[in-house]
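The active site, charge relay system feature in TrEMBL is assigned to Asp216, His247, Ser413. Taken from TrEMBL, the feature domain 'Peptidase S8/S53' covers 207-459. The annotation domain 'MBTPS1 third' is assigned in TrEMBL to 487-615. The feature signal peptide is assigned by TrEMBL to 1-28. Under the heading transmembrane segment, TrEMBL lists 1004-1024.
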Amino acid sequence: MINHNHDKLSLSLLTCLISLSLLPSPHTTLNQTLILTQPNPTSPINSSLSSRTNYIVRFYHYKSAKDHKHYLEESIRSDGWIWIDRNNPAARFPTDFGVVAIDDDDAAKKEKIVISFAKLEAVKDVSLDLSYKRVLLADESERVGAFIDGKKRPGKIFTSMSFGEGEHYVAITNASSLNFNRRLLMQRSQVTSMFGADVLWAKGYTGKKVKMAIFDTGIRSNHPHFRNIKERTNWTNEDTLNDNLGHGTFVAGVIAGIDSECLGFAPDTEIYAFRVFTDAQVSYTSWFLDAFNYAIATNMDVLNLSIGGPDYLDLPFVEKVWELTANNIIMVSAIGNDGPLYGTLNNPADQSDVIGVGGIDYSDHIASFSSRGMSTWEIPHGYGRVKPDVVAYGREIMGSKISTGCKSLSGTSVASPVVAGVVCLLVSVIPEGKRKNILNPASMKQALVEGAAKLSGPNMYEQGAGRVDLLESYEILKNYKPRASIFPSLLDYKDCPYSWPFCRQPLYAGAMPVIFNTTILNGMDVIGYVESPPTWHPINEEGNLLSIHFTYSDVIWPWTGYLALHMQIKEEGAQFSGEIEGNVTVRVYSPPAIGEIEPRRSTCVLMLKLKVVPTPARAKRILWDQFHSIKYPPGYIPRDSLDVRNDILDWHGDHLHTNFHIMFNMLRDAGYYVETLGSPLTCFDARHYGTLLLVDLEEEYFEEEIEKLRDDVINTGLGVAVFAEWYNVDTMVKMRFFDDNTRSWWTPVTGGANIPALNDLLAPFGIAFGDKILNGDFSIDGEQSRYASGTDIMKFPRGGFVHSFPFLDSSESGATQNILTSGMNKADSPILGLLEVGGGRIAVYGDSNCLDSSHMVTNCYWLLRKILDFTSRRIKDPVLFSNSVRQNAPLYQADNQLPSRRTDVNFSSYSSVVGKELICRFDSRFEVWGTKGYGLHVRGRNRRLPGVQVIDLGRGLNSTLETPTIVDSPKFIQKNKADTVGNKYLGLLYRDEVDMPVLVGSHWLLPAVIAVSGLLVFLSFWRIRQKRRRRRKGSISSRLANL
């Protein structure tokens, strides 16, 4: 018996060895060790620069500059650095930072000094003293950015420039640390009467005793348009207080001018002019920080900032703004002049404690130049906040000239002083002795957003609460009692287009959570807390089908916090169609005010009116991958189209509801339901989606993601549509520049897309992109399209369908080849490939600019629809699947010839994958929050990821959903096959052959069947032999007995 079991064990081991021998070698792992190389200090560029760089050293506590200087000199006893004395009005007040100059001669020594400063106990952090620059231009035809014809201008990188009637102001910023650009948003009409300011003037409210800080280019002391210039301060390195450009004077005129041709809103406001820009339109972070500190020390009431940029990670600036508002200064700022593009909010206007102002024309239409939301701080895991807060007239606005007279300009930086003037007028309504107890950044924003008039056309991310209504806000403030509230206070799916994008797609069971991110405004105190978790109160029984998880600020400071709703319909609502209404309540408390004993408490209410539909069929559901998108800031992520040479940063969020919002609307019009995934690919159940949409992705991939996607396609029937972008190391190297401000090299973190990472993801299917940069026009079935800085396909399996077109390669290597061939020959380059593999379908295209509304030349929505017909619905377009483009031989390129990763950039600084833990976050289905995701479905069996419970893939998370069909016949050109069980298992062998370097169903199934068949035959022979032996033993025994 022991020998018999031993034979069975040996046979089992032999079978396992045979099976293992049929497997290919393991897939190569991702190389996640990236090296950062420092700039060469002996380069010609460095040698031509000044010998020192200024750094800001921030301290935890306020002390005199003399004490801070003494502390640093005693702590860091080495040469190579000096303390810079700042002789400005703030010098007589305590400060929380100092400026030091460090020698550039020895890069290693310079880095050592910076690190030594940062390690000191009293030091908070060390950062470069960044410069800001704006440029005055003659007319719109001369508008430029930080890059002119692809070459960087001196100063910091800026996003895009403002525009105006005859004058243009831009800010230039840098892109190397976490600190980037700011911009003065300048632009041109008499608006006080349109807001009813004369009504409040008649009541005696004219802005008296209101201290208004204007951070700009200064003002002349005896200007005839102003009756109350209290103080002028200069924070620059120029010896003047005057405005020699006209920007600061114009802003002041809109707020407090008294000339009858260009009246301001609050003529008796006390003007404090902070000159923070030179005549050359240059400023530094340290100048702003000193000026902000001085504004705090001198108890300003309102502060106007006509500056902005997408640099919300410029921490010294952002945190100083928080400190400013925490000291009860109401800050008003322009939202930006980067419209009509979405996802272009400027900082600091995009901060919740700042009143962000957008622009409209006199017809109550959103001005084309006004930046649109949502905020992009929260992407990829969350969802942006509603901004701007309000809009005001910003086109053809009248204001004061430098010395006398009036002129008109346009822009959100004109709309900003309009609102700042309104705020000054409203502040003067409250008696001076009560102002600080009632008025603060939160209560003023409550009065503005609750009193605003909602416009009929724009959505919430274009207009915020609507057009400022001075008189309505006045009525609110007259009887104001400190309280907390939520903005927006209503989400109504029936209110379209205001509630876009929510009103465009109803809720349904089984979907990714729909996130609505609101702002908590706490008018009770600068600090507040959520007393107990928010609660959902449905008004009818159907409301119980809605499940809401909440994420919110632990501490509400300064004055504001966030409350995000993650909404799902429960499984029992899979067939429900109707509306769900109810309220979300959250109770906020703050410490008692002076003279009070009990804490202040307030209940905030958010009303929900939601639309629900039955769960759509799998073929109608698309999942958008947001997780693998990286944006600016913090890294130098270049634009996708290299033809756009004056706006090279990719900073619009790359989200369905920012620069891909037109595509989102098109997909909804086509009947698709589009969901967003902000977590790794292990965090969704592929059985519920027709297509995974991968567009313009810069991130790396976890190995678990690559493995799961392979299984999702082959065994679960998922469709995948990929829209890639250019990637060429030589071109990226050429795009780098040495920034004169930070004394450092700036180099792209990746190309338009991360092709090496995409190639790893697609390797199991035998697909890879190349490193060409292709440009040109082409046509498919009469549809004209522009290929803008797209890439080529280098590997594709036999049996697929590949479309090629003649383009010139504009990459560095391609340009050299064009010169050698006189640039006359355009080689055919494969750019579109379609493939059936296993039960799924894959489509790859080398360009995403035709889907991105930022710099689109022509759209390719027609192509996207045809691709989705194939990947989601198995419908083959006759032109795309013409026999003339069928691959009878595979496209092949050795792996060492494919694009490689850069080793001179520290990619982990910007990545959510490299060096990070795989985890499903709050944008995933509730059941996988905090886990590594769903089990991998391999060969019909559940495969667990570490730390994840087994999920029943037979029943799934939503049992009402249809089961995925793996071997259904497509609706166009497919051979008939016998519908037998054997053919269902072996059907892959009759399909078009697929050349792949790794295991797929058609590679393991046949050897496995042969091995099993051989084993069965062997067991049969073995049993027969055993029976014969027993018979022989039996006959011998009987013979012996007879003997």
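Keep in mind that glycine also has a Cβ here, set from the backbone N, Cα and C atoms.
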What are the DSSP helix/strand/coil residue counts across the domain 'MBTPS1 third' (487-615)? 11 helix, 66 strand, 52 coil
Between the Cα atoms of His247 (active site, charge relay system) and Ser413 (active site, charge relay system), what distance do you get, rounded to the nearest Å? 10
Let me know how many other Cβ atoms fall within 10 Å of the Cβ of Ser413 (active site, charge relay system). 35
Using C-alpha atoms only, work out the spacing between Ser413 (active site, charge relay system) and Asp216 (active site, charge relay system) and round it to an integer in Å. 11
If you count the other CB atoms within 10 A of the CB of His247 (active site, charge relay system), including all protein chains displayed, you should get 24
Suppose you look only at the domain 'Peptidase S8/S53' (207-459); what would the mean pLDDT be? 94
Looking only at Cβ atoms, how many others are within 10 Å of the one on Asp216 (active site, charge relay system)? 28
